[in-house]
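Quick notes on the structure that follows.
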Amino acid sequence: MKFKVNKLSSMLTAGFLAVLALTAPSVSSADVLDFKKITRQIEQIKSVVLQDADDAVSDTRTMIEEIKIDGRMFRARADRLVVREKGSSTFRVVNVSAGISLRDAISNFQKNKNLVYVEPDFEVTAFTAPNDPYYTYQWNLFDVSRGGVGAEGAWEYGDGNGVVVAMLDTGIAYETRGKFYMAPDFTSDQFVAGYDFIENDTHPNDDNGHGTHTASIVAEVSDNAIGISGLAPGVRLMPVKVLGRNGSGSYSAVASGIRWAADHGAKVINLSLGGTSPATYLEEALQYAYNKGVTIVAAAGNNGASSLSYPAAYNDYVIAVGATGSDKNLAYYSNFGEGLDIVAPGGDTRVDKNGDGYADGVLGQSFTRPNYANIGYYFMQGTSMAAPHVSGAAALVSGAMPSYSNSMIREVLQDNALDLGDAGYDNLYGYGLLQAGEAVKKARDSAVTPPVLENVLEVSVISPSEGEKVTGNVWIKATTTNGNPIVRADYLADDQIFTVSSSSPFEAIWDSTVVADGPHKIGVIVTDSSGQSAKAEVNIIVNNVKDVFFSDDFDGGNLTLNWVNDAAGAWVLSQKEKISPEYSIGVTGRVRNAAVRSKQIAVGGNSTRIEFSWRIDSMFSSRDYLAFDVSTDGGKSFSQKAVFSGGSSAKGAWKTESVSISVAQNLVLRFRGNIARRYSGYIDDVRVIEN
């Protein structure tokens, strides 16, 4: 059956296209391997020369061949056979010459009359292949010859244990609550706390089915004799509901969900959804999560278009995933184009090319509405099904190599994909078909034999310094050692890139007033011409809201509250000229050095700044002035800091003054007036603040 996909540019849609229910198949007697028949055939052997096999050079991963016996395919050592000679009570292993197939080798051995039997040396593994009954229909997890991602090769190194994968979707059937039921192939301890951005509560239950299906691809419980197996069954799932019952939602819900998941411990975010329009706030959310080290995976879209949907199109932060069928060809519905990173099994429910009796969709656990208890296993198709494979593989790499960054995870997945289409990267398949086993093995091998790096790039921030208290615009400077010429510098504030420089000098200015006062981090990531990157950070204290030690705008109408007249009555409250609503203080000639001083102001040894406004009449002569003095010893001695004279072009208007004092304990401020005629000077809005 077909599912309608909304195509509104303002909406996000869950990206699956079709679904088919799975019923349990019957197994006929013809499916059972008849070893007696094989033995009877082998006993007819005529003649052959036997040569013992050499185990010293064997490698079971590279010398495996598939052989068909009674209609079934089996894996066996390509370089050897097992035989028992007449008169012997046990078997021995013999070599098969290079270039000879197992079937031809068996045919040759059948000519030897001295052999009781000859059989393939069948492959055996630890029980990494799970016992889940429908695992045989999960072609998407099998090796590349069947269009899969090589899950069993990855499971040799772990199952993603403890890695948190956030599923931003329609929710997950993760609990039994009200009308909702937990899907039986999940367990409660698989989940960490999530959130519902549709209902704005802490119960992100799935009311659509899409989210449960995508989650089961990532992390269905494995080897529990129930249903199917997830690609990374050891991960912890974080259900974040951003799509509603009809499978659609808003960009703002998705952006909120991305930030929430990043802040609550997600290592991987899966986005099996998409829209057609870019949005700044969505990109900012992706950047936020990426800068916190999250690997972000998104479906490319199901329109068969030559461009990617959003958020997959934000290539700087997102691994964009297209879909393939069991034949490894790009699915007819999959979007492609510039920025596509990788492809993974998305399925095609129109066909049964692998001949398992079911349509070649991706099998997962889900339910049919409106009965949320009707939980079963369904084949679905879409880039929504492809993306969880990449998310699961990212979790497997992270679990095997916890030190890997999101960029390293992305690189190892791309580098170990099976190249499809044109050689190298192309817009149809990106870097190729995901190979989870190869990627995890490569990551682990790199840990065993780390490369010896020469001329390693290093960077350090030289300004501001560690722990420095900053205000206003902050000049960021860094220095590098070793490495090659710098080609790019990304400047960060609290792990968010705020500007990028691609030319010398590699410096930046950050406006600290855009954040709250308190502790923050400033950093830089530099990249040199060889592709090396290095990061450095310092902790700083933003202090834009200054401590105010003293403030007087005189509007209380009480001059003597904070001030003392040295010359009796010379300075008085004035309403004639003022900045504050009610009063200033003024002095009128004829006076000679008539002063008014503040009472002591305790500043506790801090560096301070004194701000005030003053005004002189336009008729002041060049010999008339107001002066400002400061005492740092409690009024015992004063030092003149500023003069406003009649020779200034600013007379007749208010002028703001600012004076800095490096260190003081107890300040006393003093204003003096020297006026020959009956003209006036005024003072208003006096403040002493932290510098």
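Including glycine, each Cβ sits where the backbone N, Cα and C put it.
A TrEMBL annotation is a machine prediction, not a hand-curated record.
Annotation source TrEMBL lists signal peptide at 1-30. Among the features that TrEMBL reports, domain 'Peptidase S8/S53' is placed at 160-432. Here TrEMBL flags D169, H210, S384 as active site, charge relay system.
Here D169 (active site, charge relay system) is positioned 7 angstrom away from H210 (active site, charge relay system), judged by their C-alpha atoms.
In the three-state DSSP classification, D169 (active site, charge relay system) falls within a strand.
Between the C-alpha atoms of D169 (active site, charge relay system) and S384 (active site, charge relay system), the distance comes to 10 Å.
Residue environment of D169 (active site, charge relay system) contains 31 other Cβ atoms, counted within 10 Å of its Cβ in all protein chains. Around H210 (active site, charge relay system), a 10 Å sphere centred on its CB holds 27 further CB atoms from the protein chains shown. Of all Cβ atoms in the protein chains displayed, 32 besides its own lie within 10 Å of the Cβ of S384 (active site, charge relay system).
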